[in-house]
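Over in TrEMBL, the protein carries these features:
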| type | residues | note |
| --- | --- | --- |
| ACT_SITE | HIS262 | active site, proton acceptor |
| BINDING | TYR35, TYR140, ARG175, SER260, HIS262, ARG265 | glyoxylate binding site |
| BINDING | PRO88, SER89, ALA90, SER117, GLN138, THR166, LYS238, ASP293, GLY294, GLY295, VAL296, ARG297, GLY316, ARG317 | FMN binding site |
| DOMAIN | 9-367 | domain 'FMN hydroxy acid dehydrogenase' |
Amino acid sequence: MLNLYALQIMEGEPVNVNEFQELARQALPKMYYDYYSGGAEDQYTLKENVEAFHRITFRPRILVDVSRINLSTTVLGYKISAPIMVAPSAMHKLAHPEGEIATARAAAVSNTIMVLSSMSSCTIEEVASSCNAIRFFQLYVYKNRDVAAQLVQRAERNGYKAIVLTVDAPMLGRREADIKNKMIVPPLKNIEGLVSTEVDNDEGSILEGFAKGALDASLCWRDIGWLRSITNLPILIKGVLTREDAIKATEVGVAGIVVSNHGARQLDYTPATITVLEEVVHAVGGKVPVFLDGGVRRGTDVFKALALGAQAVLIGRPVVYGLAAKGEYGVRKVIQMLKDELELTMALSGCPSVKDITRSHVRTEHEKIHSML
């Protein structure tokens, strides 16, 4: 029996991003929905990523001319329609038959940047030829370093504009739903013939077994130099949560930092990304742009991240939910909803452009407590 919330959604189009999650749950096999929606262990960080945004409130300015709102911004010199990018997430064909090609087309129509996962269902080349757009490529480094080098060279050859190196996955986090469901590894087209996906793991998640055998747990800071030596593309690192690592990142010459806890899928009880964003921004001191992913479900969340110093946000699960529910149209709709909500938030906060969004436009939980003392 469907609950009342599900029935309300079925009566019409979703009116916000969260409603796409229920549509995705209805559309997907349990194994796949659990894979996309789940987090590590107790899923504390999974909940906290979203709820931490709720504890930040606004300090709106009145009597500002907001008759024209400009959402556009630049990322590494590339102009995008709004500070909302598509985060790398794996295996989109589990969500929809067109997979990453549908996602890429939606991002292109939305005039934003998609970061293609190296664990995508469609190849680097297929996505590049599907539409004309600015795209980045996310990289995992495998035990066989030649595989990573080949992926980077293919991305560069096919017009991708940056490498986003994931640095928080020396091994896969413990995702208990995947263990229970014995999560499979579908064909990973980018590494087909390069890395074996055959895993003998009757005990639990086949995906976890694959990652354990394939990912390079020895990856360390000096390897950023190796990566820089094999590509001319700028390198962003994704998975920074502390001041110390932000400082190191700037020292080794990265072009940008993504504050991320891997969608709460790796180490549970890491802080919500929005709560450590400012720490990273201050540590970097404007040397490189800082981005954020994790928990963004509303245009108000985007505004809060920008106020705390992010250049842009990346959205992961909402894109997959949109894709699962309604294909390319669903992804476009998710991005547009967030843009519309951001535009309204900017107008009601007295910010005609993203440059006008400042730290003084938000109040964090810490500041609220401090003001009461």
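Positions of Cβ are set from backbone N, Cα and C atoms, glycine also.
Residues TYR35, TYR140, ARG175, SER260, HIS262, ARG265, recorded as contacting glyoxylate, have a largest CA-CA distance of 19 Å.
For the binding-site residues TYR35, TYR140, ARG175, a Cα-Cα cutoff of 10 angstroms around GLY294 (FMN binding site) retains nothing. Within the set PRO88, SER89, ALA90, SER117, GLN138, THR166, LYS238, ASP293, GLY294, GLY295, VAL296, ARG297, GLY316, ARG317 that the record links to FMN, no two Cα atoms are more than 22 Å apart, and one pair reaches that distance. For GLY316 (FMN binding site) paired with HIS262 (active site, proton acceptor), the C-alpha to C-alpha distance reads 10 Å.
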